[in-house]
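Everything on this sheet refers to the single structure shown next.
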Amino acid sequence: MVKQVHSVDEFKGLLGDKRLVVVDFYATWCGPCKMIAPKLEEWSQNEPSVLFVKVDVDEVEELAAEYGVSAMPTLMFFKNGIKVEEIVGANLDKICEAIQKNK
């Protein structure tokens, strides 16, 4: 299941997870975001070694600003709290490659 983040503190706590953390910065009005959401949900069921997180940039604006998110979707990949990769756009092949490479 993809975890919806509602606050900065909640987000920071999740970054401490031992697994690869894949963060989907999205907006409810973003068409490409809606397109990739079902695939991220599917991957979250099939990849227990990866934590999938969603951040609505309009709900938690300070996170979007802190991480320089200006286009949606932006996916960031964190290991041990450190960003190891970033993908801007709804390229499912690139997202899948990044998950496989970093998990």
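Heads up, the Cβ atoms here are built off N, Cα and C, so glycines get one too.
Annotated domain 'Thioredoxin' per TrEMBL: 1-103, in sequence order.
As annotated by TrEMBL, site 'Deprotonates C-terminal active site Cys' applies to Asp24. Long-range Cβ proximity for Asp24 (site 'Deprotonates C-terminal active site Cys'), meaning a same-chain Cβ under 8 A and a gap of 6 or more residues, is found for Val2, Cys33, Ile36, Ala37, Leu40, Phe52, Val53, Lys54, Val55, Pro73, Thr74, Leu75.
What TrEMBL records for Cys30 (among others) is active site, nucleophile. In this structure, Cys30 (active site, nucleophile) belongs to neither helix nor strand by DSSP; it is coil.
According to TrEMBL, the disulfide bond annotation covers Cys30-Cys33.
Within the same chain, no residue at least six positions away from Gly31 (site 'Contributes to redox potential value') has a Cβ under 8 Å of its Cβ. As annotated by TrEMBL, site 'Contributes to redox potential value' applies to Gly31 (among others).
Listed in sequence order, the residues of the same chain lying 6 or more apart from Pro32 (site 'Contributes to redox potential value') and placing their CB within less than 8 Å of its CB are Met72, Pro73, Gly89, Ala90. Among the features that TrEMBL reports, site 'Contributes to redox potential value' is placed at Pro32 (among others).
Residues or ranges marked as active site, nucleophile by TrEMBL: Cys33 (among others).
Using DSSP to sort the residues of the domain 'Thioredoxin' (1-103) gives these counts of helix, strand and coil: 41 helix, 30 strand, 32 coil. For Cys33 (disulfide bond), the number of other Cβ atoms no farther than 10 Å from its own Cβ, over all displayed protein chains, is 21. Packing around Cys30 (active site, nucleophile) is summarised by its Cβ count: 19 other Cβ atoms lie within 10 angstroms of its Cβ, all protein chains included.
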